[in-house]
Amino acid sequence: MSKPIGIKNINLKKVNLYLAHLVVFLLPFEQRLLPWALIIFAASNIFIHPFHERVYYYKKRKFFIWLFSAYYLAHAIGVIYSDDLGSGFFDLEIKLSLLLVPWVVLTSNVINKFTLPELLRTFLYATVLAAIVSFVYAGISYYKSGEVESFYYVYLSYYRHAGYFSIYVNFAIAILIIFIFHNREKVQLHNYLMLTFLIITVYQLSARMGIIVLGFLLAYAFSYLVFPRIRFKNPLIALTLVVVFTAGFIAVSIKYVDRFKDVTENVMNEESSSGSRPLLWKYSWELFQEKPLLGYGTGDVSEVMNDKWEKENFDYAEERHLNAHNQFVQSGVALGLLGLLPLIGMLVIPLFKVNIHSNFIFPLFVFIITMSCLTEAIFERQDGVVFYAIFNAFLYFTYSD
């Protein structure tokens, strides 16, 4: 005897949920499998949910579906007035998740307040595992070379650039902080052990903005525990021990890390990563001022920037074909206000609508993304695009409707 249609549909939704777990698990790891997992998740989601259900959720969430899609649509428009169509379409391919994920996820209910916590836990465990693997490979490298630098910055981050991995790890720390808040009546040792390990990982990755964001996250956690919830003493003591232990580790290892020292020593040296950024921002801002409304076009922005670096004799940037290393400036040069306003809108407007009393994690997520946008053009690479698109869609509506 066959199962009723409703039961089959429930089982298929479970399959789609498991695929969502696969997507978030793969995020911190090798990127080559992630697009295929995302495509399979999206295809199964489209197949499972009936049209009338999608219409219902579209009507309920249409403002934010269009808001989260507008940045991608602006880039599609930017291709029209680009000369280099090949580069333009390649950029649209990289950013496709910004269009695909909102229209698939937000017109369905597979991700909701009941399924989200376990998805976050999956990402947390995946990030911890990816960090462990990175340390293992760093240990092997150290064994072969004897260089202690194997445990720092790009040498430690095995799967992707240290700056992007620090974004992932900081978000995992934010998830842990929320889990601690929700279980503040007792100390769960495994959470604090993971927190200690991930804090050390961010420090070892040595991405400056990553460390700054980490400082804000810990300050937020302390302020939440100390001021409004003084009566919950055990989590406060546990968090204090985490920070004390971490500070001790940092004090021992700081002599090996020169990343912040480099900022002060190389701030005027355009042939360094830290010293080049002020010039990247300055020259990019000049380009934005030349075409503030529509920019240079989705496909032409890279060539225009490299021509600018050449004109200014900025060899360090020209040889490396660097972008603006600031997503707001990068979008301004590419699309002018046509791209800059949707970018700011999709980050800022939801914060005025979200219920922060029930959705703690979304503001922390937006904070991490926004801070990262200040020193990296994170939406120019799939590492940043897919991460933002997935969790922005997963997090926003789970506690609001």
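Backbone N, Cα and C atoms are what each Cβ position is placed from, and that goes for glycine too.
TrEMBL lists 195-343 with the feature domain 'O-antigen ligase-related'. For 33-51, 63-82, 94-111, 123-143, 163-182, 211-227, 236-257, 328-348, 360-379, 385-400, the entry in TrEMBL reads transmembrane segment.
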Report, as numbers and ranges, which residues of the same chain sit near the transmembrane segment (163-182): CB under 8 Å and 6 or more residues beyond its ends.
27-28, 120-121, 123-124, 127-128, 130-131, 134, 157, 188, 191-192, 194-195, 198-199, 201-202, 205, 207, 209-211, 213-214, 217, 220-221, 224, 235, 238-239, 360-361, 364-365, 368-369, 372, 375-376, 378, 381, 383-384, 387, 391
Out of 63-82, 211-227, 328-348, 360-379, 385-400, which stretch has the largest tally of CB pairs under 8 angstroms to the transmembrane segment (94-111)?
385-400
Decide whether the stretches the transmembrane segment (328-348) and the transmembrane segment (63-82) have at least 3 CB pairs under 8 angstroms, with pairs required to be 6 or more apart in sequence.
yes
Counting only residues 6+ away from its ends, which parts of the chain sit with a Cβ under 8 Å from the transmembrane segment (385-400)?
20, 23-24, 27, 34-35, 38, 61, 64, 68, 94-95, 97-98, 100-102, 105-106, 111-113, 116, 119, 164, 167-168, 171, 346, 350, 353-355, 358-359, 361-362, 365, 369, 378-379
Mean pLDDT across the domain 'O-antigen ligase-related' (195-343), rounded to an integer, is what?
80
